[in-house]
Amino acid sequence: MGPSCLLFLCLLLCGGPELCYPQTQWLLPGGTPTPAGSSSPVEVECKEAELVVTVRRDLFGTGKLVQPGDLTLGSEGCQPLVAVDTDVVRLNAQLHECSSGVQVTEDALVYNTFLLHDPRPVNGLSILRTNRVEVPIECRYPRQGNVSSHPIQPTWVPFSATVSSEEKLAFSLRLMEEDWNTEKSSPTFHLGEVAHLQAEVQTGSHLPLQLFVDHCVATPSPLPGQNSSPHHFIVDSHGCLVDGLSESFSAFQVPRPRPETLQFTVDVFHFANSSRNTVYITCHLKVAPANQIPDKLNKACSFNKTSQSWLPVEGDADICDCCSNGNCSNSSSSEFETHEPAQWSTLVSRNRRHVTDEADVTVGPLIFLGKANDQAVEGWTSSAQTSVALGLGLATVAFLTLAAIVLGVTRKCHTSSYLVSLPQ
């Protein structure tokens, strides 16, 4: 078969001349494969108290070098040390300065942050040749062993008599799979899906405790109180899951799996006026003695659309009545009732200095696919089985159609070659 026929068949099957020749592959931030021997465009080194992020200036593998000034680490308050070489940019920062949140699991401390490439026009031009991309970064540290130089307190000391620091109770907030048995492996969601959140406290040697979610707020950036506009309250008024009042079916799970665990679902969403496709959820968790009767300040209430009423996970139904007007406080705790996000961080940190039974925990980023920036993050999620099946079906139909065309073209090319060779 002549070269022209081969080229025609390649154009017909591949759809363009650029696919008919060997192509160099690069590892983009979205996870596209790299050629053998090439390094990842973003490398992270998690040290004892700091992290070092090394970014290839040819971040997208296109030959267009990113500007060091367009790279940031974590929230706006983070100011890492930046070292620029010919080919790479290194960002060095302390974990506590640039981490967007800390998650506590059974065996690890997990620090979350993100690398942001936000290109700006240069030289007075109004065009951009690189994309905006946000790369989630995670550093995990094992929790095994006693890191304190002080003697371990006896395990028989009652909770009410124990003077301890906040670290004595390990609070956590995790994204779970639909069956609640395992932690979710991917942070990506599509609109219409449901996020399964599990709040938990490791009580250790304390007497039995019961966990409550006092309030939760969702923001496009990690820290409420910083860049807190826009924001959306999921839980408010000391345990009212107010997100369920809208068109969603967000609710606490009944019954609890354990007193120290509380599970709830949230219909996923994204912020309409935000350029980010990420959402961080920060919850204020607290505990009370397990034998304490739930009340207006310690409750877990969901809105039931069928009965148009608030229902508690446990306790009398009237403890949820205050969710309708948001007045679930009393005179001694009214300071907590009105908490705009900009005031939240300061308020909580000030009041938690002398409190050992509550903590703020952040989970995120939740990454929403389907927006403009998703090409950079879509590589982190597994291909959906439905999409694969649909793709295979379409490919089969296309192959059968093209096979008939190819067969006809092949015969024509063969006949033409035979006729030309006759005079010889």
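Each residue, glycine too, has its Cβ placed from N, Cα and C.
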* N-linked glycosylation site: annotated position in Swiss-Prot, out of N227, N273 -> N273
* Structure fact -> From the list C139, C283, Swiss-Prot names as the disulphide partner of C216 the residue C283
* As recorded in Swiss-Prot, which of C139, C240, C413 forms the disulphide with C301 -> C240
* Taking only the disulfide-bonded residues C78, C98, C216, C240, C301, which one has a CA atom nearest to the CA atom of C139 (disulfide bond)? -> C98
* Going along the chain, which residues six or more apart from C240 (disulfide bond) have their CB under 8 A from its CB? -> K299, C301, W310, C320, C322, C323, G326, C328
* Going by DSSP, give the three-state secondary structure for C78 (disulfide bond). => coil
* Hey, what's the Cβ neighbour count for C46 (disulfide bond) at 10 Å? -> 15
* Reported as an integer number of Å, what is the Cα distance between C78 (disulfide bond) and C216 (disulfide bond)? -> 24
* Asked: Can you tell which of the disulfide-bonded residues C46, C216, C283 lies nearest to C98 (disulfide bond) in space, using Cα positions?
  -> C46
* Give the number of CB atoms, excluding that of C139 (disulfide bond) itself, located within 10 Å of its CB. => 19
